[in-house]
């Protein structure tokens, strides 16, 4: 039975690795898997001056994917699919628009759609795509990672070159470990209070 699944977690919780593992498992079971990610995410796929469309995990796994732009619809890519053993998977789903998530919801009436992404930004506010996925998903799963103190990390703290947390800035700023740090709320609040 088809459904819309949202797997979310803080940065470094293994979302891309899980997506690629699920892809492998579905393909082993005879499914056709279509991979997508928003074009604004260039991590792991920016080569030779352009975004090549790659989903890459920090553990070294990677696979080619189709890039989806903010003003595009998925029907452009999926109109020709007619195989019930089809799975649609998306990485960095927090960057989707509400309209795109609503379209994925409609697609999930026929095919299973699995989205992986962050729940909130560095200020603990929902991304547009994440909010819509929490509202529309049939199945929501949390992937967990740990803070440096050992507690569950739930916050994607944006940091500067000195490792100090930042509290202001644009919602979206693409980056990895050099720009973000997964933290528990206790460590985050302690660091935040140092700034005040």
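Glycine is no exception: its Cβ is also placed from the backbone N, Cα and C atoms.
The annotation active site, proton acceptor is assigned in TrEMBL to 92. Proximity of residue 92 (active site, proton acceptor) to non-local residues of its own chain (separation of 6 or more, Cβ distance below 8 Å) is seen for 37, 38, 41, 116, 117, 118, given in sequence order.
Sequence-distant contacts of residue 13 (ATP binding site), defined by Cβ-Cβ distance under 8 angstroms and a gap of at least six in the same chain, are 143, 144, 145, 153, 182. Per TrEMBL, the feature ATP binding site maps to 9, 10, 11, 12, 13, 14, 15, 16, 91, 92, 93, 94.
The secondary structure of residue 149 (Zn(2+) binding site), as reduced to three states from DSSP, is coil rather than helix or strand. Shown in sequence order, 184, 186, 187 are the residues of the chain, 6+ apart in sequence, with a C-beta less than 8 angstroms from the C-beta of residue 149 (Zn(2+) binding site). According to TrEMBL, the Zn(2+) binding site annotation covers 147, 149, 184, 187.
There are 22 other CB atoms within 10 A of the CB of residue 180 (substrate binding site), with all protein chains counted. What TrEMBL lists as substrate binding site is 172, 173, 174, 175, 180.
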### Query
Of all the binding-site residues given, 93, 187, which residue's CB has the most CB neighbours within 10 A?
93
### Query
Measuring Cα to Cα, how many angstrom lie between residue 9 (ATP binding site) and residue 147 (Zn(2+) binding site)?
13
### Task
State the three-class DSSP label for residue 187 (Zn(2+) binding site), counting H, G and I as helix, E and B as strand, and everything else as coil.
helix
### Query
Could you tell me the C-alpha distance between residue 15 (ATP binding site) and residue 180 (substrate binding site) in angstrom, no decimals?
15
